[in-house]
């Protein structure tokens, strides 16, 4: 049975996953750093991360349930539905292939706080650069997106296999570079998350199924509920936010947060579990 400390950790990490999964600030990076600070790492933490990520995906499915139901029921009759399915397949492909080929290397060498912090800073600088460019909109809605640009967004998404990069950040900023409107870039990022994250979660489950323990189910449920609720809030909030604002605030957050982690790591003020 989970004790109070474990329950608190589950709630904190669930909220961290949900809030950060669909913001351009890297959920994986935040989970690695939060887990290190809380001392919640190791095999149980690895399985727990899979569970709360699944809950975050389900929040997007719930938010877009009407649209997804319509696409599934009309994919054989409506060109717009077929186009969205093709675009999602094109966007999913790069990360699927590269993730399968380099799964062991990514999990073994890149999942550490210094990589995360460095990627946060670099990603923040790239977002600032993207926001200072003149943004010409050639694709105002997701329905206007073609498969070639969807594939290009998919290659941007593949960069997010480096923890700290941010899947949503890479796809949204990639979409802006390719001429998508802010809302279209955010919506396509959310929709692309569904096949991408389901596949990644399923593959993680396949690789780590032996680590599951029935006794941990209550803890997973607590974290999952927190992740689902906060992810739903984050998705709805970001869609409203991007219709009126740019991503500069997220860029500065990444730079400051990543800089603090690097400074505390190399000064020895915080033990991030790495040697230097």
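Numbering starts at 1 and runs along the chain as displayed.
Glycine is no exception: its Cβ is also placed from the backbone N, Cα and C atoms.
Per Swiss-Prot, the range carrying the annotation transmembrane segment out of 150-170, 255-275 is 255-275. Per-stretch counts of Cβ pairs under 8 Å to the transmembrane segment (255-275) identify 110-130 as the leading one among 42-62, 84-104, 110-130, 185-205, 215-235. Sequence-distant contacts of the transmembrane segment (110-130), counting only residues of its own chain at least 6 positions beyond either end whose CB sits under 8 Å from a CB of the stretch, comprise 24-26, 28-29, 32-33, 36, 161-166, 169-170, 173, 176-177, 247-248, 250-255, 257-259, 261-262, 265, 272-274, 276. Counting only same-chain residues 6+ beyond the ends of the transmembrane segment (7-27), those with a CB under 8 A from a CB of the stretch are 34-35, 38, 40, 48-49, 52-53, 55-56, 59-60, 116, 119-120, 123, 127, 160, 163-169, 172-173, 189-190, 193, 219-220, 222-235, 238, 247, 250, 253-254, 257.
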